[in-house]
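**Q** According to TrEMBL, the feature FAD binding site maps to B:GLY87, B:THR88. The feature [2Fe-2S] cluster binding site is assigned by TrEMBL to B:CYS234, B:CYS239, B:CYS242, B:CYS259. Per TrEMBL, domain 'FAD-binding FR-type' is recorded for B:11-112.
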Amino acid sequence: MSREDLVAGSPVQVTGTVLTTRRVDAYHALTVVAPGIADRFRPGHFVTVAVGGRNTSMLTRRAFTVHDVKPDYGGTVELVFGVRGAGTAWLADLRVRDTLDLVGPLGRPFPLPRDPCTCVLVGDEHGAAALFALGDALQQRGCRVDFVLGAPSADRVFGALRARRMGETTTLTTEDGSLGMRGRVTDVLPGVIADARADVVYACGPMETLRGVTAVSAEFGIPVQVAVEERMACGIGVCMTCVVPVIGDDGVTRMVRACADGPVFRGERVRFDDVGTIPFDALGAPGGRHA
Amino acid sequence: MSREDLVAGSPVQVTGTVLTTRRVDAYHALTVVAPGIADRFRPGHFVTVAVGGRNTSMLTRRAFTVHDVKPDYGGTVELVFGVRGAGTAWLADLRVRDTLDLVGPLGRPFPLPRDPCTCVLVGDEHGAAALFALGDALQQRGCRVDFVLGAPSADRVFGALRARRMGETTTLTTEDGSLGMRGRVTDVLPGVIADARADVVYACGPMETLRGVTAVSAEFGIPVQVAVEERMACGIGVCMTCVVPVIGDDGVTRMVRACADGPVFRGERVRFDDVGTIPFDALGAPGGRHA
Amino acid sequence: MTADLRTYLAHVELPNPILTASGCGGTGRELAQFSDVHRLGAFVTRSITMAPRAGRPTPRMAETPSGLLNAVGLQGPGVEAFLERELPWLAERGARTVVSIGGGTVTEYTALARRLAGVSGVTAVEVNLSCPNVEDRGRVFARDGSAAAEVVASVRAATPYDVPVIAKLSPDVADVVAVARACVDGGADALAMINTPVGMSIDVDSMRPALAAGTGGLSGPAVRPLAVRCVWQVHAALPGVPIVGMGGVTTGRDALELVLAGACAVAVGTALFHDPYACPRVLRELEELLQARGFDRLADVVGLAHRPAGAQPRTRTDLEESSL
Amino acid sequence: MTADLRTYLAHVELPNPILTASGCGGTGRELAQFSDVHRLGAFVTRSITMAPRAGRPTPRMAETPSGLLNAVGLQGPGVEAFLERELPWLAERGARTVVSIGGGTVTEYTALARRLAGVSGVTAVEVNLSCPNVEDRGRVFARDGSAAAEVVASVRAATPYDVPVIAKLSPDVADVVAVARACVDGGADALAMINTPVGMSIDVDSMRPALAAGTGGLSGPAVRPLAVRCVWQVHAALPGVPIVGMGGVTTGRDALELVLAGACAVAVGTALFHDPYACPRVLRELEELLQARGFDRLADVVGLAHRPAGAQPRTRTDLEESSL
Ligand SMILES: Cc1cc2nc3c(=O)[nH]c(=O)nc-3n(C[C@H](O)[C@H](O)[C@H](O)COP(=O)(O)OP(=O)(O)OC[C@H]3O[C@@H](n4cnc5c(N)ncnc54)[C@H](O)[C@@H]3O)c2cc1C
Ligand SMILES: Cc1cc2nc3c(=O)[nH]c(=O)nc-3n(C[C@H](O)[C@H](O)[C@H](O)COP(=O)(O)OP(=O)(O)OC[C@H]3O[C@@H](n4cnc5c(N)ncnc54)[C@H](O)[C@@H]3O)c2cc1C
Ligand SMILES: Cc1cc2nc3c(=O)[nH]c(=O)nc-3n(C[C@H](O)[C@H](O)[C@H](O)COP(=O)(O)O)c2cc1C
Ligand SMILES: Cc1cc2nc3c(=O)[nH]c(=O)nc-3n(C[C@H](O)[C@H](O)[C@H](O)COP(=O)(O)O)c2cc1C
Ligand code: FES
Ligand code: FES
């Protein structure tokens with residue numbers, strides 16, 4: 001391979017040993033020894049894991065944000081996930097000393113501001129897992145960090161304690177009112193931005209949340225970086241299944257890969273209203289413009 | 001279900017807990033709690049097990065002779081197996097307290113002689129696993145039991161010790177001469193039959209061995225019961241994949257199911273030379289006789 | 001609350017939609033060791049032929065990823081022995097029996113239909129069209145709309161009007177809808193799909209085909225996406241025709257998938273080899289899934305995935321009026 | 001001892017038989033993060049179209065048992081951008097590139113072939129025949145021998161004589177041999193099979209199709225038995241025609257299965273999504289398997305499972321004389 005291909009973030013495949021497993025309310029956390037991945041990690045990166053063991057009927061890897069990396073044992077990564085289907089159920093059953101096949105780090109990490117500024121970090125459900133490594137990096141650059149974390153119910157709000165320790169302020173929301181304010185992260189976000197006089201917003205969570213966060217940020221005229229989730233068959237950019245309509249620097253909308261071109265995008269560039277469609281004016285849309 | 005369907009041997013499905021795992025030379029032995037199966041067991045029965053866990057890509061159950069049953073924990077069954085492919089590899093990785101899904105007891109067990117007599121029990125490779133419960137049953141009826149066990153090499157001769165304890169005589173053969181006589185079980189069988197003045201032979205092992213054992217028994221004019229192995233998709237008699245050409249009481253050859261009509265047959269009834277074919281004179285053979 | 005799981009194959013009512021798949025339930029006696037055959041929506045026999053058939057040599061099966069290849073070759077005792085020894089047993093136990101028939105010529109299918117005509121205990125006749133047509137260089141009937149239609153028409157003509165004729169289709173065609181349409185035009189009262197597509201496995205150790213017959217039929221979860229697609233396409237084109245869906249059903253979720261695609265009944269085949277209680281279990285799971293989704297009638301869910309995108313699932317009220 | 005793994009697509013020699021499957025290796029750059037593209041037998045591009053294409057809406061993928069459904073819809077930047085930005089990158093790295101082309105009309109395929117003609121770095125042209133023919137109510141070319149042959153003939157005519165044309169077939173037909181024969185008669189130098197059969201999955205929670213497009217192509221180990229069968233049948237009928245086998249290859253054993261069935265090259269698709277190192281791994285495993293069986297030339301094993309039952313594998317000596 002030529003030098004230029006060996007970019008810093010270039011991913012590796014690692015069969016790692018599970019070091020710890022723990023439950024955090026509705027979530028499971030797995031720490032896995034994966035030196036090559038921990039080394040290359042930047043906040044916003046994700047990994048994909050093979051599920052089901054040998055002879056599994058589940059072909060596709062599952063994608064998870066890297067919650068944390070630690071230098072122990074040459075480097076560990078921690079994933080935080082909720083059980084959703086058969087793949088995450090299998091992961092939840094892993095025990096210490098089992099092995100896990102990971103590929104990573106994948107995706108384009110969060111861009112960090114050059115100069116110290118005030119950042120609001122918004123995490124909805126497991127999206128919050130991506131924010132703490134980011135918060136660390138921001139604070140190391142002298143940024144102020146404020147958290148907004150939300151979920152349908154208290155047990156699905158991830159990382160409230162850590163946010164309270166790290167953040168200048170931490171605002172929690174639940175839809176059922178079981179923790180923090182009753183409502184969604186987007187309901188409280190304007191107040192947090194205004195109070196903190198925020199310069200930039202970072203957000204992780206379901207598309208719908210990212211859409212709302214982007215709209216709020218736009219109202220305040222401040223930039224927002226969102227990490228999107230779309231169904232992924234490969235995670236490495238070869239299959240084209242994970243696309244979202246994104247407006248390029250040239251003003252042209254393209255169906256770009258969430259895995260390799262994202263998962264982090266500037267919020268205003270993502271055409272949230274058109275996710276799940278091919279916008280008529282996208283490059284190569286049926287009957288649309290051809291470049 | 002009417003009473004008549006509820007025959008004594010009628011099989012059940014059980015999810016049993018693995019009680020012990022051990023290695024015996026080239027073999028693995030698993031003891032599983034399976035009360036319903038242990039209760040109904042007769043020597044010669046087999047069970048089928050699901051392999052690969054939830055979300056496995058392996059659809060078909062694997063068949064194993066029941067090596068032993070014990071009354072512990074309401075009833076346990078022990079299987080003995082060699083690793084052959086992915087299914088047995090998975091079984092070999094099971095640990096104590098894992099669960100195993102079994103169906104059994106299946107098949108028609110060995111018929112036992114009404115009156116005390118002298119029996120030679122021939123086991124080739126893992127076929128030997130079926131013989132000890134049989135030997136016990138025969139001895140309880142006052143029969144004399146002599147063992148002939150063989151395999152390609154010493155580590156694949158199963159149960160030599162137990163045979164030596166139980167049998168009036170025990171003759172071992174290995175193809176490489178690493179244990180007992182160099183050769184195959186069929187090489188030593190005539191001598192054993194003659195010395196013991198045997199009345200009946202029981203045999204388990206590969207088709208080729210069963211063919212040889214049947215030929216030897218025929219020369220001595222004594223009955224022989226063989227337990228055959230054929231690839232099985234269901235084990236319960238519904239799929240018709242496990243058939244062998246067997247001559248019926250009426251002299252007609254039929255393709256009969258090893259799982260439900262066997263696995264035990266009178267040796268001289270099995271057309272060993274025609275296994276893997278449809279004999280031209282079988283019932284329903286292409287161009288053959290139609291009843 | 002228990003859901004109303006009744007379904008209809010043409011005018012014949014079945015108490016529930018779960019059937020055995022042809023060739024996967026033995027004679028019924030074997031399954032009866034595990035659960036009652038009269039609890040099935042219907043018991044579907046293996047394909048019955050005129051004369052006894054010894055089938056294909058062994059090995060007859062090979063496992064593939066999430067699939068099973070089989071080449072049994074319609075082994076069976078012939079129609080006379082079936083009528084003497086198998087059908088009466090099923091009838092005595094109150095099982096509704098769908099008799100599957102297979103032949104090498106139109107004449108043979110017709111003769112089978114005639115032989116079954118008027119025999120009590122025949123709930124429906126399923127025509128296995130995946131048999132080689134000996135008069136057309138062994139080309140499988142199901143791959144040729146007109147050959148399939150000819151078989152169906154002659155079976156229909158030979159079968160009493162009150163016994164539905166079900167045409168069983170294969171996915172090994174360029175256009176399953178065309179074959180389905182031909183069969184319906186030929187008189188099929190219902191359609192069953194899918195039979196096994198032709199597959200093959202080679203043993204890389206012996207370096208020979210794993211099955212003695214070379215090729216075999218592929219079944220099990222591996223083929224479910226093909227089954228769902230066939231049911232979907234045929235239901236979209238022929239919404240009034242009852243469809244028995246099958247192919248890789250192992251759970252109630254799988255059955256519901258086929259029902260949502262348009263099947264009003266679902267047959268369970270290969271799953272029986274893994275779990276002899278599969279039929280009652282799938283039925284129970286299906287009922288639970290319907291209830292969890294607020295449906296109290298199976299009929300209301302048949303083909304529901306075809307509703308236009310964005311449309312709400314029909315509410316209870318409009319469902320009262322809808323019929324299968 | 002290392003085995004001689006060279007293989008030929010018509011007269012074009014490839015250093016080894018392991019290719020990427022069209023649409024599964026991205027632009028090559030993504031895989032290059034994991035292993036060198038010039039180590040591949042050849043890199044096969046996704047199907048290139050004349051104009052840029054945005055493809056289908058998401059969700060574009062659904063997992064099925066041992067399978068994957070996809071409906072990407074040939075998203076790509078169009079042939080001009082491909083020639084400007086993608087092919088040169090591959091050529092610089094010394095990759096042999098098979099350019100897959102897709103179109104909606106014969107004219108479009110021909111125009112693509114013309115555009116590629118004479119461009120350096122095009123090792124072969126693969127004609128993806130699984131595209132809907134817009135002039136025949138969207139009927140897929142690969143399902144109709146004469147439409148497929150027409151496309152192949154016009155691509156062959158527009159392509160320089162020293163660039164082989166590979167026709168890629170679909171298993172969704174009643175008779176794959178007939179389509180294969182038509183393509184060869186139309187001038188195909190080699191055949192590739194199988195493209196994905198059409199499948200579908202329904203999400204039983206949303207009660208809607210899992211893919212936005214409704215149906216999708218089924219790939220992965222689930223379809224391997226169909227691939228082995230197609231390769232087997234076509235190799236039996238057309239033993240002289242080079243076949244690129246694909247469908248569910250994840251290991252060297254799977255690759256060997258297709259080679260024994262008659263493929264002289266093997267493409268790896270869906271497995272790349274699970275293991276980005278799949279190509280070099282499959283190659284290494286294949287080589288080990290050949291050596292373990294005493295073969296020192298891949299060519300000696302191509303189609304070997306066709307030898308008559310009971311025949312010994314050919315010995316080294318007669319292999320010396322045999323050629324692909
Ligand atoms: C970049 C990225 C980061 C993610 N980070 C996290 C995280 O930190 N914690 C967490 O709990 N979840 C995370 N997810 C979602 C996680 O990937 C899914 O929950 C998981 O794949 C579900 O697998 P399953 O087998 O349990 O569910 P199933 O629904 O059975 O999965 C079936 C198929 O759909 C795909 N799929 C289903 N849901 C999603 C989804 N939301 N996103 C992508 N693919 C999906 C699976 O990969 C699989 O191929 C992330 C997803 C992406 C794309
Ligand atoms: C009645 C009966 C009793 C048996 N008892 C024993 C025993 O006590 N100990 C033991 O070690 N083995 C026994 N076998 C053989 C055992 O079933 C196979 O070794 C096992 O199925 C191999 O599974 P696998 O996944 O490891 O191998 P694979 O080769 O990967 O299996 C692939 C498929 O072939 C089938 N298959 C492969 N070999 C056999 C075989 N010999 N018989 C039947 N099906 C086969 C498997 O069930 C599976 O469906 C018995 C077989 C039968 C029929
Ligand atoms: C061992 C076996 C035997 C079969 N025999 C028949 C048969 O006799 N007639 C028939 O129409 N289909 C037969 N089939 C096909 C099944 O009825 C069914 O269409 C197919 O297996 C798909 O369903 P499944 O995946 O649930 O098994 C057979 C299938 C198997 C596995
Ligand atoms: C995501 C995806 C995209 C594909 N795109 C193409 C394509 O553009 N052109 C083509 O001829 N085949 C395409 N295919 C089919 C593959 O090339 C291959 O024929 C098929 O997937 C079977 O191989 P596999 O099981 O190894 O994936 C695609 C397959 C997948 C999974
Ligand atoms: S997941 Fe394959 S390109 Fe993004
Ligand atoms: S294994 Fe199914 S009938 Fe014997």
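Any Cβ shown, glycine's included, is placed from N, Cα and C.
Just so you know, TrEMBL annotations are computer predictions that nobody has curated.
Give me the local environment of each listed feature.
**A** For B:THR88 (FAD binding site), other Cβ atoms within 10 Å of its Cβ number 17.
DSSP assigns B:CYS239 ([2Fe-2S] cluster binding site) to coil, not to a helix or a strand.
Shown for the domain 'FAD-binding FR-type' (B:11-112): DSSP residue counts in helix, strand and coil, namely 16 helix, 47 strand, 39 coil.
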**Q** Of B:THR88, B:CYS234, B:CYS259, listed here as binding-site residues, which sit with their C-beta under 8 angstroms from a C-beta of chain C?
**A** B:CYS234
**Q** Any idea what the Cα distance is from B:CYS242 ([2Fe-2S] cluster binding site) over to B:GLY87 (FAD binding site), rounded to a whole Å?
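**A** So the alpha carbons of B:CYS242 ([2Fe-2S] cluster binding site) and B:GLY87 (FAD binding site) sit roughly 18 Å from each other.
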**Q** Can you go through the binding-site residues B:GLY87, B:THR88, B:CYS242 and pick out those with a C-beta less than 6 angstroms from ligand 6?
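**A** Among B:GLY87, B:THR88, B:CYS242, near ligand 6: B:CYS242.
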**Q** Give me the count of other Cβ atoms within 10 A of the Cβ belonging to B:CYS242 ([2Fe-2S] cluster binding site).
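**A** Taking every protein chain into account, the count is 28.
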**Q** Express the distance between the Cα positions of B:THR88 (FAD binding site) and B:CYS234 ([2Fe-2S] cluster binding site) as a whole number of Å.
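**A** For B:THR88 (FAD binding site) versus B:CYS234 ([2Fe-2S] cluster binding site), the Cα atoms are 17 Å apart.
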**Q** Once near-sequence residues are set aside, which residues in the chain of B:GLY87 (FAD binding site), 6 or more away, have Cβ atoms under 8 Å from its Cβ?
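**A** B:GLY87 (FAD binding site) has long-range Cβ partners B:VAL51, B:GLY52, B:MET58, B:ARG62.
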**Q** Let me check the 10 A CB neighbour count of B:CYS239 ([2Fe-2S] cluster binding site). How many other CB atoms are there?
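**A** I count 29 other Cβ atoms within 10 Å of it.
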**Q** State the count of C-beta atoms found within 10 angstroms of the C-beta of B:CYS259 ([2Fe-2S] cluster binding site), not counting that atom itself.
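**A** A 10 Å sphere around the Cβ of B:CYS259 ([2Fe-2S] cluster binding site) contains 28 other Cβ atoms.
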**Q** Near ligand 2, which of the binding-site residues B:GLY87, B:CYS234, B:CYS239, B:CYS242, B:CYS259 have CB less than 6 Å from any of its atoms?
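**A** Once distances to ligand 2 are taken from each Cβ, B:GLY87 fall under 6 Å.
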**Q** Suppose we draw a 10 Å sphere around the Cβ of B:CYS234 ([2Fe-2S] cluster binding site). How many other Cβ atoms does it contain, all chains included?
**A** 29
